[in-house]
Amino acid sequence: MDTISTYDHTAITCPIQEKAYQKHEFWRGVKDALPIMLGFIPFALVLGASAVGAGFKWYELSLLTTTNLAGGSEFTVVSLWQNPLNIPLIVAMATLVNSRHIIMGATFSLLLKGMPKKKALPLLFVMIDESWAMAIADAQKHGRKALNVPYYLGVAILLCLTWIVFTTAGAYFAPLIGDLKQYGMDMAFTAVFLVLLKGMWRGFQAALPWLASLLGAGLCHHLFDGAWYVAVGALAGVATAFFMGDDRTEKN
């Protein structure tokens, strides 16, 4: 099995080799995702405990985290879950927070070219921030133009199951857990994503859209209430990348 890590996938010629390669890549994804999983646990527990405080039943939160798979919007829903319920506002804010997936999906689609929709759509369903970032970083590292599906599934399945299980546990055992925010546990998710971004670093110029997105989102968050900073940050990043692309094209 150790030799599989050195396989050239294009050189695999028989089903047995293919199956062994896929199994190896799946478990490589699981292994790479383990440190991220550890960062998920406290953050998931915080969401679970916060949801119970807002009036959720543990099984209601489990349904939300299983069908939504986006922690940012789930925290938004919990923060707005007050009597009387303002459903249009909750839907609008959750949609706004999740709007980043439009841009992420557009980037991710480059790795899905030629894949049938019946296979691509389930893969997109488990495209969370971390599985997206790790799949793209892995493709860049190995010079792939197509998604390494087994690796991606190893990452996504572990992280999504961890999120669902521990948000549910946080809600179920909320009275015993107490307020984890006092220990800074709510910073775990941010720290994890910063580490992922470091792994995707390609130089200062390539990071300019990130910087524009950060500045736009930070300024909007400071000046306006609600989740508008998500859309502003995304648009600032896209606009910067667009104009940088035009500049490179003109130079070439």
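Placed from the backbone N, Cα and C atoms, the Cβ positions cover glycine too.
In TrEMBL, annotation is done automatically, which means it is predicted and not curated.
Annotation source TrEMBL lists transmembrane segment at 33-56, 87-108, 149-175, 227-245.
Contact between the transmembrane segment (33-56) and the transmembrane segment (227-245) is absent: fewer than three CB pairs lie under 8 Å, with pairs separated by 6 or more positions in sequence. Through the fold, the transmembrane segment (227-245) approaches residues 72, 76, 93, 96-97, 99-100, 102-103, 205, 208-210, 212-221 of its own chain, all at least 6 residues removed from its boundaries and within a Cβ separation under 8 Å.
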